[in-house]
Number of protein chains: 2
Amino acid sequence: MNMKHIIKAAAAAVTSVAALGALTVPALAQDGKGVADLSQHGAAQRIATIGSVNAKNVILFIGDGMGDSEITVARDYLHGANGSFDGLDKIGQPGALGDAAAGTGQYTTFSLGYSSDNGKYPKAGGVNNNPGVITPVTDSSASGSSWATGTKTYNNAVDVDIYGNPQLNLFELAKAKGMTTGNVTTSEIQDATPAVLESHSTERSCYGPQGKTDGSSNNAAKQCRAEQLKENGGIGSISEQLLDTRADVTIGGGAKYFRQTAQAGEYQGKTLWDQAKARGFQTVENNVDEFSKLQYQENKPVLALLGDGNLPTEFNATPALDQAATIKRGALQCSVNEAWLGNKTAAGNSASLADMTNKALDVLQANPKTNENGFFLQVEGASIDKQDHAANACGQIGETDDLDKAISAALNHVDLSNTLIIVTADHAHTSQIVNEPPAYALSTILKSPVDGAEIVVSYGTATAVDPDATDASKGYNDGGMEHTGTQLRIAASGPGAQRVIGLTDQTDNFYTIGKALGLATETGDQKNLSADAKVNVVARDGKYYADLTGFNGDAVVSYELRDGATNQVIAASNNSTPVSGVRIAPGQTTEIPLDLVEGKNYRLTVTGRQSGAVAAPAFTAPAASAADKGNGNNNGNNNGGVIAQGQAKLDKGDSANGLLGNTGSAIIGAVLFILAVGAAALAVKFAKARR
Amino acid sequence: MNMKHIIKAAAAAVTSVAALGALTVPALAQDGKGVADLSQHGAAQRIATIGSVNAKNVILFIGDGMGDSEITVARDYLHGANGSFDGLDKIGQPGALGDAAAGTGQYTTFSLGYSSDNGKYPKAGGVNNNPGVITPVTDSSASGSSWATGTKTYNNAVDVDIYGNPQLNLFELAKAKGMTTGNVTTSEIQDATPAVLESHSTERSCYGPQGKTDGSSNNAAKQCRAEQLKENGGIGSISEQLLDTRADVTIGGGAKYFRQTAQAGEYQGKTLWDQAKARGFQTVENNVDEFSKLQYQENKPVLALLGDGNLPTEFNATPALDQAATIKRGALQCSVNEAWLGNKTAAGNSASLADMTNKALDVLQANPKTNENGFFLQVEGASIDKQDHAANACGQIGETDDLDKAISAALNHVDLSNTLIIVTADHAHTSQIVNEPPAYALSTILKSPVDGAEIVVSYGTATAVDPDATDASKGYNDGGMEHTGTQLRIAASGPGAQRVIGLTDQTDNFYTIGKALGLATETGDQKNLSADAKVNVVARDGKYYADLTGFNGDAVVSYELRDGATNQVIAASNNSTPVSGVRIAPGQTTEIPLDLVEGKNYRLTVTGRQSGAVAAPAFTAPAASAADKGNGNNNGNNNGGVIAQGQAKLDKGDSANGLLGNTGSAIIGAVLFILAVGAAALAVKFAKARR
């Protein structure tokens, strides 16, 4: 671009905001709002009055733990103090990307309810897991839940509110609109940041039906709330819900957890890999060359997990040392990790985050649904956080580089006139740039290969060896450094980018994305997504099922089956907690097996637990074999194997009249959840804001 | 404002960028630029291609050390995690201030050349004061010099480049345009951030002609480079230059340094307070009631110093403790310091930073020059930094509150359609928000009185007791915590505010302000400011003088007086270093006493050391008493007491043909400066990035 073009582009970039629309719901931040207020859907928004414009597609880049300090550490080392990231620094920069709208700002990231049980910091009365307070420092799950759902919640929560009620997330809402979806990360795909697009889980550690194992053992009782497990009538672990969610592209680590075996349900006894294949996924397990060959295939979503745990980092570790040892060691430079997937295989393939982003965009863009309805893709550079926890300066720098290059890759793939790109982080972290190794903190001296500056990176929020660092269940080297609670940078380019200017909250990001894509961001609109829900009672292969479609305003449904003659309940879902019941496969058909006796009369009542929509077909069970052939429909609707059809009725009244677990007014669900917390004799592990 | 208005205002706020103009000089950041490049005027700009719009007035609010973490600490405590500052959070927020343009972004703050001599961090070869490297963490003087002059420099430098050459600052450039100026701070007025608008000093500690004392002793040899002292032919200390600069309003602390006595020059033997009075200043020394009565008086600038050192903080100290002691102490709340000047006096007056800002704006706005040409005001909340150094959470929070209220006060005083308000910081700092008191760092638990959250503020960059903490010469309680090098928030509202969006450098702020005000930001334009410079040789009160006017492109001039008959130099300024010579009183008449013999012929050559402008009147000395009456002008110009007039000629050629110390191409000056550094047997103290 010559100078004239740059100037013109710059002017255009800052001009295009003129098209910003406006919304009607004011929910501006107020001083002193407490947990009860802030836990409501959308209640922590700061800029509800600022409008948005339409985008067809959104890419959300998350640098996990990538606070401004982490950005500066990496820029100073990789590009020089006055240098620039090729991708990261272009997003939000007026004029840097032609005439794309651009904006930068800061957002707040606090969460709700202390969730630390490690006893290091006893509070008055010794009560730790205190839902009545605001937590100044978020973890990745509460922060991810914020932008994925628009609802503030507790550290450890994945898309459930502080009472445990599932909150609809951006993938569910995008699927309701017919969009395609992609989820890319360098971490285990079950880790919090990718998990918030796949699942609703009261415990972020509930990775699979056997907990956090490779399937050779089972620690689910430790890692999951019991009621969420399928064998107890729950909606299932994060990995199982990932398969229900069925994103069009899923790429990351955590392959070993898919070697676990389902403990209940249709796929009981099968591994999750087998389940994925049975459900039509294109799967890749730990093979970069196979990954490289993946292409879009109709109704064959991509599930590529390229490492058993988190993916190897780009740079080798440079652990921080105490002052004397750091000075003795002198200035270091970073070296590329041989295990990094960004290195070429013998066949010439690689899987850097940029490669993964390219693959995701190739697959999404080849999908005809994308052409029609657009896509939403999240790309996470996960190990900036993990390497910062480990006090590893080169580690975090390499991961920032990997993310930056993924952004550049995306910029080569999309049209910023219809695609909004957002780059931000979930929380800030420990690392600080100082001029000398401090006396207290651990530190590392780096010498930039670009401008020769010596950069001292200091880590001061933990001791060198933290007991948790040896906790193998975490799957990564957690050096114990802590997240920090400062406001964070958010940057955006493309339609609606200016909505990030000024001070926003992390929950505003849900609205920025959701409104740009025309998704149902408000609770009422979300309930209406189930207005066309239907329940078809069918027979297939000699068995009876309820096929649920259109429950797009719900994450979970409950059902009960009554004997038509006696009105006795003869089968029902478990509704004991908000994460009990039947998980909806968003935008797809959700199947409930029914055990019917030929010739008997039944009433099946299916209730959307978020929307309150109720469908209650009554019917007489025909011979399953007859129904299978399209006969025996006792309601006069002969639609293939359909025995009966129930059209949902939506409760449009006061939410107090709603059913269990209505989004945003979860009184009954809350009581149940709290009872469950009190009653369950489970070793529930609440995470610190550490992951 | 009702909802419709808010929405309309928000839309207007993000729309008004359309008016942004464009500039012609590209100087975008490039990876790997080294010190030689970056030390040039304007060379570290990142957004030179982004245009600006005109503002009549600019207010620059600096929170010293107010990184994003410090902002969040204070917001969390004072307003709640979801709350907002009344002033600080409005600046840059679209829609928050009617239809004012708004923008937020981040900027880089690095400086040039290590300046640590404390031996803690020996570099290869043991060389410390190394001008060849980039310093990732700036101090307040290098950062202040960046936005005051647009030139990157070394930690410890006040408006001189890395070679010691004075760089024209915003006050000098504003005065060249006839604007009024104001300088308000809660620190000693000689401290770096206010000093960058008052002076050019190779040492930030060169407070007065007797160094950093109350005048009862003299440690100038330790605090100042000898050549800068007036007794050695230098341009004088920071306090003396403050009187030369003659801002229309100056309010802060540091009164005791004005009890020092000038060691040379016209006011030799007099205290600086006496000098200030003799030069027409309205002075107030440590008296809030007198301060409150100050009003605009024609050609009587305000100099109100309300404390001997830094002004007392708003909140009492809560020193951070180690982990065990912090847990034992439990959660604290902040209490107001009885000594804070924001408390009412018996007469009902107060001097919070808001009061000081109101006073400055009252005095500036009553000045007819403001009506004609506008004002530039800097307001610093100085002790956010100092309390962060001292690991004092309540201290830094109270100072952030004080700054926030000053911003609110300003918003009540100005019209954002013609006034640009910028809020930013000079560098980030140590304090971090964590969820538990860390094992290594010092910390304090605070309980927000607003939302009840418990906030753990951690300080990890130094030990509890730092040797420097007892250095009385610093005038404040320096607990030893270090600045950090992360990019920082910058926010702006008013004309041209969007120029701060994206990633900029601290030097861009000079251009944002300078261009908005139509000042001479480019080196060539700055030189041209001396195109109309004149030297009048005059006689007054029986003595001869050269009266210099119009040297607006210069901070320093040199002169030599030659015998017209023999061409021998009979008097000359010291030109041994770039801070030797005669300090220009910007926008005013600068007086050089001449020792002439009646009837002899002379040639006086005056050279602007930044512009290269030369005026060289030749004349015969008349009887001083006759000249005094307007006679004896041997050049035919009988203008009052004018004996001879010299009109400057500007060297417009290649800068290599320029004279000593040309801005931006200081080759000769550099050599001299480096020779001086090497030769001077002085205990020059280079500061760490600590103040």
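Residue numbers in this text run from 1 along the chain shown.
Keep in mind that glycine also has a Cβ here, set from the backbone N, Cα and C atoms.
Bear in mind that TrEMBL entries carry predicted annotations, made automatically and left uncurated.
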Need one residue: from B:Glu372, B:Glu380, B:Glu399, B:Glu436, the one TrEMBL lists with B:Asp64, B:Asp191, B:Thr193 for Mg(2+).
B:Glu380
Annotated region 'Disordered' segment (source TrEMBL; candidates B:101-131, B:194-224)
B:194-224
DSSP composition of the region 'Disordered' (B:194-224), residue counts helix/strand/coil, works out to 6 helix, 3 strand, 22 coil
Just how many other Cβ atoms lie inside 10 Å of the Cβ on B:Asp426 (Zn(2+) binding site)?
30
Counting other Cβ atoms within 10 Å, pick out the least crowded of the recorded positions B:Ser140, B:Thr193.
B:Thr193
Distance between B:His389 (Zn(2+) binding site) and B:Ser140 (active site, phosphoserine intermediate) at the Cα atoms, whole Å?
13
Listed in sequence order, residues not in B:Asp64, B:Asp191, B:Thr193, B:Glu380 with Cβ within 8 Å of the centre of the Mg(2+) site Cβ atoms:
B:Ile62, B:Ser140, B:Gly144, B:Thr185, B:Thr186, B:Ser187, B:Ala192, B:Pro194, B:Gly381, B:Ala382, B:Asp385, B:Asp426
Hey, of the binding-site residues listed (B:Glu380, B:Asp385), which one tops the CB count within 10 A?
B:Asp385
Could you check which of the recorded positions (B:Ser140, B:Asp191, B:Cys224) sits closest to B:Asp385 (Zn(2+) binding site), going Cα to Cα?
B:Ser140
CB contacts for B:Asp64 (Zn(2+) binding site) [other CB atoms within 10 A, all chains]:
30
Could you state the whole-number distance in Å separating the C-alpha atoms of B:Asp191 (Mg(2+) binding site) and B:Ser140 (active site, phosphoserine intermediate)?
9
Does DSSP give B:Asp64 (Zn(2+) binding site) helix, strand or coil?
coil
A 10 Å Cα radius around B:His427 (Zn(2+) binding site) captures, of the recorded positions B:Ser140, B:Thr193, B:Cys206, B:Cys224, B:Glu380, exactly B:Ser140
Secondary-structure category, per DSSP, in which B:Asp191 (Mg(2+) binding site) falls:
coil
